Amino acid sequence: GRRIPLLRGLPATRTVEENAPAGVFIFTFNVTLPPWSSGVVAVHPIIVNSNPLTEAFDIVSTGDLVYRVVTTGNPVLDYETMPKRFDLQIYVEDTAGRTDLSTLTVQVADKNERPVFRGNMANQTVTIYILEGTPPDRIYRVNANDPENGELKYSPLPASVPFLVLEDGDIFSKQKFDYENDPHRYILNITVTDPEGLNSTKTVTINIININDEKPYFTTKQRIYRIPEEQSLGAVVANLTAKDPDDEDSPSRLFYSIQSSNPYFSINPSTGVLQVTGRIDRDVRPLQLLPNISVIVQVEDSPHGGHTSQMVITVIIEDINDNPPECNPSTFRKETNENTTAGTFLLDLRNYCKDIDVDPSNNQFIFTGLSGFGSNNFALESAVSGRLVMTESIDLENASNLGVEVYSLTVRVQDIASPNYSSKYPFYTFFKIYFSVLIKPVNEFFPVFSSLSYEFNVPETTKVGSIIGKVDARDADWPSSVITYSIVAGGGTRDYTNAFWISPTNGDVKILARLDYETTQKHFFTVQASDQEKTVTASVTVNVLELNDEEPVCSPNFYSFQIPVSLAVGTNINGFRIECQDRDSDPRSFRYFIKEGNLNNHFTFSPRAGSNTSRLILASRFDYDSGLDTNWIYRLRVYITDDNLLSAKNEATQLVKTGTVTLNIRVIPNPTTAVTTTPSFTVVTKTENLYSDSAWYVPFVATLGGLLLLGLLGHLGALLVTRLRTCRPPAPRANSTPLISAPEKKKPKKEVALEMTKLNTVFDGEARDPVTGRMYEFNTQSGARRWKRINEPPQATPAVRVTPSAAGSAGQEADRAEALSKKEASEKRKEPAAGPRAAARPTVGPSQAPGLHGVEEPKQKKEPEDKGSPSAAPQ
C-alpha cells in the first residue's frame, strides 16, 4: 500500500543562462517502473504546473524511460525582465494507475548582452535628409540601451565621413554640403559598445537634398541662323538647349521664353525649340530695309521667380522668288451642253492671271498639269495660251460617264523663273447629267491650331463670364470633321480649380472667376482640339492687366460728435482724423474733399491730399446771430479719391476709385448768450384751427358757403330796401336791425386767412444750461429754445414772437403789443363765435433769425408748472 516513487532524480535544482535558444538541455531524469509492471508508461512525464506560469520549458523523451527538460524558446528567458526562478511540477502515471509528482527548480543565470538600439534604428535602417547649404549642426540622435544598464559609447565608421558622433549618440554634420560637388549620399555604420566590449552596429543613411541655388546656362553655341522668307508656321528655326547644375542627376526642368517683342517667332517653353509663328515677308518693311531679327531668349529654372540666363539670337532672312502668279478669280464655272463637239473653246485663263514680279524674268508663267477626274475630256491648247478646250464629246449615257455631271479639273499656273512657285485652281464644267460618288471619309489629318500658342491680355476688372479670347483649329479632312475644344491642363487659381472655360464648339475662352492682378499676373493652361479620334494641343497664356479696381477704405467710416458754437477757427475738431488704405494705390495718392453737407464751408480737411491720414479742421466760425447760419446739424459726406498722383492727361483715361466717410456734427449753442442778446421781449400768442394742405375741399366748401351767404345777404338787403320804401320805418330802428350785423361775424375769417402763417416748431435737440444746470431743448434750424418738460411729449404750438430791435425801442414795442391785445379783446367781444383763435400779424426786428417761411421760429408759451422767469429761459 505504500506509494512507490516513479520519478528518479527528482526533486532537483538546475541553472540555465538567459537568452537560451529552443532545445537547450537543462536536466535529465528517469522513470522507474516495478518489475511486475508492463514497462509502459500510461502518461509520459509532463509539466502540469509552473511557478510562476510559463511555457518556456518542455520535456522530451530520449528513449528507455529517460527524459530531458529543455527550453522552448517561447518566450526566451530574460534575466532582466522575467522571474529569476521557476518551480516545475512534473507528473507521471504508469499503466497500473500509479502516479508520481515531483519538482524541478530552474534558476535563470544573468549573462552580459549586447546593447540594443531603440526607436527607428531598432528595426530598420534610418534615412536622414539634409538640404544642401545647411550649416553644421546636430542632425540626429541615436538611442540605445544596455540590458545591464552599463554606460554605452557610440562611434561611426568609416571615420573619414564628414560627420561626428558624440558619446551620447548625437550625430553632427561637420561641414556645409554642396550637392553639385559633394557626394549625394553617406553611409554611416553606428557602433554602440557596452563596458565589457560587446557592441551592436546599425546603419544610418544620410541623403543630401538638392535645392535650386544655381543659374541655368545655355549649351547652344550658335548665335546666328539663316532662314529663307515665307517659312511655314511652325517651321523650326533653332533648337536651343540649356542645362541647370541643380538637375545633374535628372532631366532639367527649364522654361524658355522670348523677352524681346517680335511678331515672327515663338519658343516652346519646355523644349526650347524656336519656331516661326508669323509670316516673314522679305519684300515689305521693316525686313525690306534690315533683314536681321534679334531675339532675346531667356531660360529660367522656375516659372515664377527662379534663376535666369539670357542670350541673343540673330536670325537673317534670305530673299527668295516668292511672288507666284495670281489669278482673279481663282474659281471658274462653265456650262456646256451634252455631246458638245470636240475642240469647243471653253475658257481663256490668260485673261484672268498675272504675275506681279517687276523683273520680266520672274513675271512669265505657263499653264501645266491639267488633271482631275475626267481630265481626259479636256486639254490646254498650249502652255502659254492657257486656252481650255474640249477634246471629245461627253455622252452621259456612256457607261464611262454614266451619272457624272461635274468634273473637277486642276491647272497649275507656274513661274518660269527658278525656283518655281505655283498655285492650284479648280475648274468646274457643268453638264446636264447627274451622278453620285459615294466616298467613305477617312480621318487622316490631325487638327491644326491657327497658332502654336495664344496670348490674351485681360484687364483684371473683366466680368466673370466674359469672353477673353478665341482659339481656332482646322481639320483638312473632307468632309470636315467636327472639332471640339477642351482645357486639359492648368487654368486653376488659389481659390478655384477651374478659373477658365472654353466653348467646346467654337473655342471661345471665358473666365469663371474674378481675376486679380495683385494675386496672380499670369495664368497658363493647355487647350486641346479633338476631331473625336485625333487630338492636338496648344498653350494659352492669360496676362492679367492691372487696373485701379480697389476703393480707398478709411477708418472710421462713420462718426458722430458735438461741438460748441464758439469753437475757434483752425481747431482740429474733437481731435478727429481718418486713416485710409488702398491695396493698389500709393498712400500719397489720396485726396479728401467734402462732397455734401458742408453748408457755408465751415469744415475742411488738413492735409487735403498727398497723405493717407487727414484731420477735420474748423475752417470758419459759425454766425447764427446775423442769420448767415441756420443749420445746427451738419451731415458731411466726405469723398476720398486715389487720383492725387495722376496728371491731368491721365485722369481722363485712368480709373479713379472713391471711398466715403460719413460724419454727423451737432453744433451746441451757448445758452448764456441768449440773455445778453435778448434783454426784453413781449410774447403775443394767437391760436387758430388750421386745415391741412392736403384737405383741398376745405377752401372749396368755404368759398361756396361764402358765395351763398353773400347771395343771401344781397337778397335780404333788397327785401329790406323794398320794405323801407314801402313802410318808411324810423331811422333808429334801421340801425338796430340784426340783419345788418350778421355778415360782420364772417369778416375776421377773411382777415385771418390773409395774415396767418402756419409754423410747426420741432425741438429736435437738447443740452444742459451751464449756469443753472437744467436741461433745455432747442430747434437745430431756427435756434429756438425752451426748458425741457418732464414726462410730457413735445407739442408744436403755432406762435409769434415779437422781439424789439434795440433796448431803446422796448417801450414802443410793448405799447404796440398792448394795443394789439386790446384790439383782440374787442374783437372777441364782438365775435363770440370765432373764439380765441384769431391770429395777429407779428412784427419782426432786425435781430431776428429767419425761420420757416421767412419768419423766425417763435418761443413756445410757457407751461404753468414751469417755474421761473421767462427771460431766464434759454432762447
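Every residue gets a Cβ built from N, Cα and C, even glycine.
Automatic, uncurated: that is what TrEMBL annotation is.
Summarised as a single figure, the pLDDT of the domain 'Cadherin' (93-218) averages 83. The domain 'Cadherin' annotation in TrEMBL covers 93-218 (among others).
For the domain 'Cadherin' (219-327), residue counts in helix, strand and coil come to 3 helix, 44 strand, 62 coil, using DSSP. Residues or ranges marked as domain 'Cadherin' in TrEMBL: 219-327 (among others).
Look at TrEMBL and you will find 328-449 (among others) tagged as domain 'Cadherin'.
Residues annotated as domain 'Cadherin' in TrEMBL: 450-558 (among others).
Note: the domain 'Cadherin' (555-681) comprises 15 helix, 55 strand, 57 coil (DSSP; helix = H, G, I, strand = E, B). The domain 'Cadherin' feature in TrEMBL is assigned to 555-681 (among others).
Residues or ranges marked as transmembrane segment in TrEMBL: 696-721.
Per TrEMBL, region 'Disordered' is recorded for 792-875.
The annotation compositional bias 'Basic and acidic residues' is assigned in TrEMBL to 813-832 (among others).
Taken from TrEMBL, the feature compositional bias 'Low complexity' applies to 833-842.
If you look up TrEMBL, you'll see 854-868 (among others) marked as compositional bias 'Basic and acidic residues'.
Summarised by DSSP class, the composition of the domain 'Cadherin' (93-218) is 4 helix, 61 strand, 61 coil.
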